[in-house]
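Working notes for the structure below.
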Amino acid sequence: MRDPENAVVEVELPADFDEFWAAGLAECATYPLDPVLTELPALSTDKVIVYDLRYTSYGGLRIAGWYTVPRGLPAPYPALVTIPGYISEPTVPKEWSELGYAALAVAPRGKLRSNDVFNPGYPGLLTHNIVDHHTYGYRGFYLDVVRAVDVLLDRPEVDAERIGLQGSSQGGGLGLSTAALRPDVIACVAAGAPYLCGIMTAPTLTRSYPYEEINEYLRAHPKDADRVRETVAYYDGLNFAPRVQAPTLLYLGLEDDVCPPETGFAVHRALRCEKQLHTFPHCAHHAGLPDVMRIVEDFLADHLKPGR
Amino acid sequence: MDFESYWAAVDDELAVVPARAVLESVAERSTAESVSYTVRLTSSGPYRVFGHLSIPSGPGPFPALLMTPRYGSVNHVPHPNDRSRYVVFGVMHRGQRLADESFAAAYPGLLTLGIDEPASYIYRGIVADCLRAAEFLFGLAEVDPARVAVSGDDLALLTAARRPGFGAVRLSELLFYRAMEARLRSSLYPLEELNDHLRAGAVEEQVLKTLSFFDPVRHASAVSAPTLVAADDADWFAPLIEALPASEVYQVTHLDGTDNDALDAWLADRFGVPPMSRFVRP
């Protein structure tokens, strides 16, 4: 029998982990953010105004997003960055603006609306340049989410003291990395079934995709195992978790075949911030959906206070 | 154009377009359990679509599973559990990743692309892609034609309705079923695309007319195979369940580990292969 709560999941912390990410953030800062918002009346409703968003991120790539704000409510608004899953495209986050948030659904590089330059495909993203942490495909992807936070900070209708992160799976994993990289800004994180945590352990616990991509890669390139391990350590949620300062909600399915619960418990142990953990027996990667969304909404409302 | 002639025309278009399948083996995905391939096929249009194929190791013929595409740009590669038990073919319809050389679907946008006219609706071609995939799978020598299943959403149902021979149909997360009612329940996508389209000035009667060609209830009577409908609200799905000649209902628990295992076991039991959970239990 598996014992997810007590399983040992370890990731080596690269000696230059903080310097590596500081360099990435510094390079991002050399590019003007240059956000462009275009109102989309056809997608807007009587409750929500919808915008197409474009901004510049790491490497000078233009990144897309959907940005929504409540119609008819007084600003400033609390804000959310919603982060997509591995195979998902970001949807227009009207439902969050109906609750009173300015919401930015980011499409990091490689997603359909941000793939003019970088398009590793699916399968593909997880192992793109996985032997080199400097050029690993996820480097820019992670930083694109951080830059989405900068977009919110640039918006006059957003209260900079009330910016949160929300996502599940890849969205959960990148919620943790983004909170760690912007501890001065992020007010709270809701992370479901976090992916990209215990990256080298997870493929030994499951045969499900996307982690199966790593098994396939190592089947084809068995001599690269050490280099892969070295690379992904820079991207592992277990190394970001101790750097998260914002209150964090984690929720896990105890039969999650996509992101094994062992890795979720390990993240929870590694978090040193104020934290909540909700676990759902007999649940897989949905991790308690749809009911868990009530917990998520309450957690975000407690910290971000929409309608205040 | 009436319902039958609409779909007969799709069949006629496919009939004159050779599939011209090209298979390429995928070494890193092939194991002692199965051999994997990428597949490119010509569908109506003509349009080249893509699929992931795997064939179990050992002497066949094997039961087979057609996985129709979900609503979204990406479909996962079929799971190793399925690859070890079935000939599995997972098809990417026109516009999805790996089948997007001349047309990339937009999200949101795909659901309403061309919806104002039945003949121009994108899903007419998407259904054709699924029918072509079914023809390809049934044509493989490794497949036991008495044990071929189709699994997915409305596309699986329409495929089973339009191509006889399936031995089992497994349905979940239907998109078209009562879509014009379901769109009023929330602002969540993809059904919110219908609301966006109507707000932009589309004529509701036209949208309704187009969607009527894809209404699973209208196709249901042509599905002769045992059909499992995963439903969380049996009352909501009652018209479909009653219209299917051989339906069973799986009451979705939203404990998705339990649900996944139950859906897997239903098909495994029908085709005489062992049930397998995706959650590895040593």
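Keep in mind that glycine also has a Cβ here, set from the backbone N, Cα and C atoms.
Under the heading domain 'Acetyl xylan esterase', TrEMBL lists A:12-290. Residues or ranges marked as substrate binding site in TrEMBL: A:Tyr86. Annotation source TrEMBL lists active site, nucleophile at A:Ser169. If you look up TrEMBL, you'll see A:Asp256, A:His285 marked as active site, charge relay system.
On the structure: features taken from TrEMBL.
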{"residue": "A:Tyr86", "record": "substrate binding site", "Cβ within 10 Å": "22"}
{"residue": "A:Ser169", "record": "active site, nucleophile", "Cβ within 10 Å": "26"}
{"residue": "A:Asp256", "record": "active site, charge relay system", "Cβ within 10 Å": "30"}
{"residue": "A:His285", "record": "active site, charge relay system", "Cβ within 10 Å": "24"}
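It is 8 Å from the Cα atom of A:His285 (active site, charge relay system) to that of the residue listed as 'active site, nucleophile'. By a Cβ separation below 8 angstroms, chain B lies close to these of the active-site residues A:Ser169, A:Asp256, A:His285: A:Asp256, A:His285. A:Asp256 (active site, charge relay system) and A:Ser169 (active site, nucleophile) are 11 Å apart (CA-CA, integer value). A:His285 (active site, charge relay system) falls outside any helix or strand according to DSSP and counts as coil.
Here the CA atom of A:Asp256 (active site, charge relay system) lies 15 Å from the CA atom of A:Tyr86 (substrate binding site).
Looking just at the domain 'Acetyl xylan esterase' (A:12-290), the mean pLDDT is 98.
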